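Chemist: Grabbed the feature section from TrEMBL, which reads as follows:
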type    : residues               : note
DOMAIN  : 5-116                  : domain 'MTTase N-terminal'
BINDING : CYS14, CYS49, CYS80    : [4Fe-4S] cluster 1 binding site
DOMAIN  : 138-362                : domain 'Radical SAM core'
BINDING : CYS152, CYS156, CYS159 : [4Fe-4S] cluster 2 binding site
DOMAIN  : 368-429                : domain 'TRAM'
Amino acid sequence: MTAPKTFHVKSFGCQMNVYDGERMAEAMAAAGYTAAPGEDADLVVLNTCHIREKATEKVYSDIGRMKKHRPDQMIAVAGCVAQAEGAEIVRRAKVDVVVGPQAYHNLPQLVADAAKGTAAIDTDMPALSKFGALPARRRVGPSAFLTVQEGCDKFCTYCVVPYTRGAEISRPFAAIVDEAKALVEAGAKEITLLGQNVNAWSTDGEDLGSLIHTLDRIPGLARIRYTTSHPNDMTQSLIDAHRDVASLMPFLHLPVQSGNDRILKAMNRSHTRDSYLRILDRVRAARPDIALSGDFIVGFPGETEAEFADTLSLVAEVRHAMAFSFKYSPRPGTPAADLPDQIAPEVMVDRLARLQDALGRDQAAFNADTVGKRCAILIERPGRKPGQMIGKSPWLQSVVVEDGPPIGSLIDVDIVAAGPVSLTGVAVLARAA
Ligand code: 5AD
Ligand code: SF4
């Protein structure tokens, strides 16, 4: 194996993987490797996701395809499949590097080691060391991610995250503030704070609410978001921040998974349908226009039709602005995978379709309600037609504007039309003097 010169990082799964992928690319660039756009690079890093479906099998088939296409290519497997499978990936698929999510700072060294001929594996989970060892952020888009918290101690019975990402860890306050400032200097106007349980972030008496207050004071940072949250960590301080901090966008992604208490208990969610709804009441009292989002799982082992109907009735009660919904997928090593009464695939397909119908209707209704409002949008990318630009509303909707200003502009628009997944906006012209 010759040492690679070019590399390409391919990220799957959640936003944290996107962030990790960017940081790995920065570490590789700082070590002298050149980023290349496609899968033809000398080194491809597969930044994998393990949360659902046959993710592991897909990684193996991707590797097989890549090896056929270019046998001399170096392949690194990163992300949660790397953490879960470890050396097994080298045995089975003969990849060159396996690097777990807590060891990314070692990627350049692992690549150099692998170039000498033996596979390099690092799935250690040292507390926090990777962030301190990663190079500073240099150039980012107008909306940037910043990981503040990692890992999960909640052990929902269906979920593999506590095993692949390890225990809950909060990054130090000063490190986060420094990185936020660096992101703003590098071009970010919006920062989304990331964590598997981002609202569990806390250090030295600070919580996410007080962190948001501090970040709000960074000049040039116009918007703050955070994801993903757990209902049990929704502190009053964070809820109050939604009322008091204008740069904190009116959007909350708060997964509930099911509307039925027996299922929630079997999932080990440690909240009930009612306690979840009461949290939303408090959030809406603090910020009446907040857009609510959630995650749902249908077909958890043993879920009856009546229990599923409770999820539909919860959805009808909340009226989400958007949501993600999934068929339950047994994850090896998690308690729920061994439960009796696994639900038949056709039942799951049917329940998912009914749930997504309801959620789709609510999303369309939420979008329709935005028509006639004036709001700021942050332009993030060009649209499909010439001159069109697409930005995000405060409520995280995509807004298309004709003859829009350049990427990074924060402009006021009047929302004039709504489709199921995006809105049309007309720029508010600066009033003549
Ligand atoms: N099966 C289906 N969905 C899952 N999720 C997590 N684990 C599973 C699983 N085993 C979903 C949950 C979580 C989101 C990130 O993925 O809804 O909130
Ligand atoms: Fe998984 Fe539950 Fe932790 Fe979320 S809170 S990462 S669903 S174990």
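Just so it is clear, glycine is given a Cβ too, placed from its N, Cα and C backbone atoms.
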Chemist: By DSSP, how many residues in the domain 'TRAM' (368-429) are helix, how many strand, and how many coil?
Modeler: 3 helix, 32 strand, 27 coil
Chemist: When the Cβ positions of the binding-site residues CYS14, CYS49, CYS80 are compared with the atoms of ligand 2, which fall under 6 Å?
Modeler: none
Chemist: Considering only the binding-site residues CYS80, CYS152, CYS159, which possess a Cβ situated under 6 angstroms from at least one atom of ligand 1?
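Modeler: Cβ under 6 Å from ligand 1: CYS159.
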Chemist: Under 8 Å Cβ to Cβ from CYS49 ([4Fe-4S] cluster 1 binding site), same chain, six or more residues apart: give me those in sequence order, or none if nothing qualifies.
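Modeler: PHE12, GLY13, CYS14, ASN17, ALA55, GLY79, CYS80, VAL81 - these are the non-local Cβ neighbours of CYS49 ([4Fe-4S] cluster 1 binding site), listed in sequence order.
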Chemist: If you run through the domain 'MTTase N-terminal' (5-116) with DSSP, how many residues end up as helix, strand and coil?
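Modeler: With helix first, then strand, then coil, the domain 'MTTase N-terminal' (5-116) has 57 helix, 22 strand, 33 coil.
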Chemist: State which of the following binding-site residues has the fewest other Cβ atoms within 10 Å around its Cβ: CYS80, CYS159.
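Modeler: Checked CYS80, CYS159; of these binding-site residues, fewest Cβ neighbours within 10 Å: CYS159.
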Chemist: With Cβ-Cβ distance below 8 Å and at least 6 positions apart along the chain, what are the contacts of CYS152 ([4Fe-4S] cluster 2 binding site)? List them in sequence order.
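Modeler: Residues satisfying the criterion: CYS159, VAL161, PRO162, ARG165, ALA167, GLU168, GLN196, ASN197.
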Chemist: Please list, in sequence order, the residues in the chain of CYS156 ([4Fe-4S] cluster 2 binding site) that are at least six apart in sequence and whose C-beta is under 8 Å away from its C-beta.
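Modeler: Result: GLN257, MET267, ASN268, ARG269.
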Chemist: Taking the domain 'MTTase N-terminal' (5-116) alone, what is its mean pLDDT?
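Modeler: For the domain 'MTTase N-terminal' (5-116), the model's average pLDDT rounds to 92.
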Chemist: What is the number of other Cβ atoms found within 10 Å of the Cβ of CYS14 ([4Fe-4S] cluster 1 binding site)?
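Modeler: The answer is 18.
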Chemist: Could you say whether, by DSSP, CYS159 ([4Fe-4S] cluster 2 binding site) belongs to a helix, a strand or a coil region?
Modeler: coil
